Amino acid sequence: MSTKRRPLVMGNWKLNGTKAFTTELLTALKAELADSPACDVAVATPEVYLALASDLVAGSQIKTGAQNVDVHTSGAYTGETSIEMLKDCGAKYIIIGHSERRQYHQESDAYIAEKFAVIKKAGLVPVLCVGETEAENEAGQTNAVVAKQIDAVINHCGIEAFNGAVIAYEPVWAIGTGKTATPEQAQAVHAFIRAHLAQADKAVAEQTIIQYGGSVKDSNAAELFAQPDIDGALVGGAALQAAGFAAIIKAAAKAKA
Ligand SMILES: O=C(CO)COP(=O)(O)O
């Protein structure tokens, strides 16, 4: 018996946008979603546009999020943004552990686990990105890599911390490359992740939203969402265009109806 999970499709804008772009895209997205598809929707804009984005989507089904957070709550940490600041600007979801931050900012599993704890403490939703590199994939290490990334959080925060949290499986070799994992490949890893969580707590595993990320677009979304353990998507490039992003959201709502 599998639990029914409401899908979550979230856009990760990465380092893209302007005030005008944010206004145009979110205005268009609200219009595209006028029929309220049965799917949770969020956009993680650059931090500087978060407050603007939150104002624009107020009262709609679209929530906002951030792409990172600092572990400190205040103080002499030049250039950082705290969880309370993100919350103050309307964020609900916080992406952590994205492969681009692991790679370019040397973020370790332990550091990411600290961020997870900070987000939970503030009552917001962590979106924990996990995934293997191409070399790890070819060496057959995919499951071991994602298990290690998840275990760092379980060990630091406890399995209960995954209640209401989100995991995004993003194979590094599929991000921005146009190469997508096949639905079957992705499903196998998602099922592994859920089974891994279930070893610690079955109920937590059943309710955890596990998104797929990596070159998701309108044309491949439906077949990914047809898989039982793929509960939505974390979308990069294709989230920068309202009609295409809305089509992905509608495909999730339809597949999980
Ligand atoms: O990294 C991603 C989302 O976090 C995926 O990016 P793309 O959809 O552009 O491949």
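From the backbone N, Cα and C atoms, a Cβ is placed for every residue, glycine too.
TrEMBL labels come from automatic prediction, so no person has curated them.
Here's what TrEMBL has on this protein:
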- HIS98: active site, electrophile (ACT_SITE)
- GLU170: active site, proton acceptor (ACT_SITE)
- ASN12, TRP13, LYS14, GLY176, SER215, GLY236, GLY237: substrate binding site (BINDING)
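Here the features listed in TrEMBL are painted onto the structure.
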residue: ASN12; record: substrate binding site; DSSP (3 states): strand
residue: HIS98; record: active site, electrophile; DSSP (3 states): coil
residue: GLU170; record: active site, proton acceptor; DSSP (3 states): coil
residue: GLY176; record: substrate binding site; DSSP (3 states): coil
residue: SER215; record: substrate binding site; DSSP (3 states): coil
residue: GLY236; record: substrate binding site; DSSP (3 states): coil
Identify, among the binding-site residues GLY176, GLY236, GLY237, the residue whose Cβ has the fewest other Cβ atoms within 10 Å in this structure.
GLY176
Of all the recorded positions here, LYS14, HIS98, which one's CB has the most other CB atoms within 10 A?
HIS98
Give the distance between the Cα atoms of LYS14 (substrate binding site) and the residue listed as 'active site, electrophile', rounded to the nearest whole Å.
10
Annotated binding-site residues TRP13, LYS14, GLY176, filtered by Cβ under 6 Å to ligand 1:
GLY176
Those residues of the chain, 6+ apart, with a Cβ under 8 Å from that of SER215 (substrate binding site):
ALA174, ILE175, GLY176, THR177, GLY178, LYS179, THR180, GLY236, GLY237
Set of same-chain residues at least 6 away whose C-beta sits under 8 angstroms from GLU170 (active site, proton acceptor):
HIS98, SER99, CYS129, VAL130, GLY131, TYR212, GLY213, GLY214, LEU234
So how many other Cβ atoms are close to ASN12 (substrate binding site), meaning within 10 Å of its Cβ?
26
Among all the protein chains here, how many other CB atoms are within 10 A of the CB of TRP13 (substrate binding site)?
22
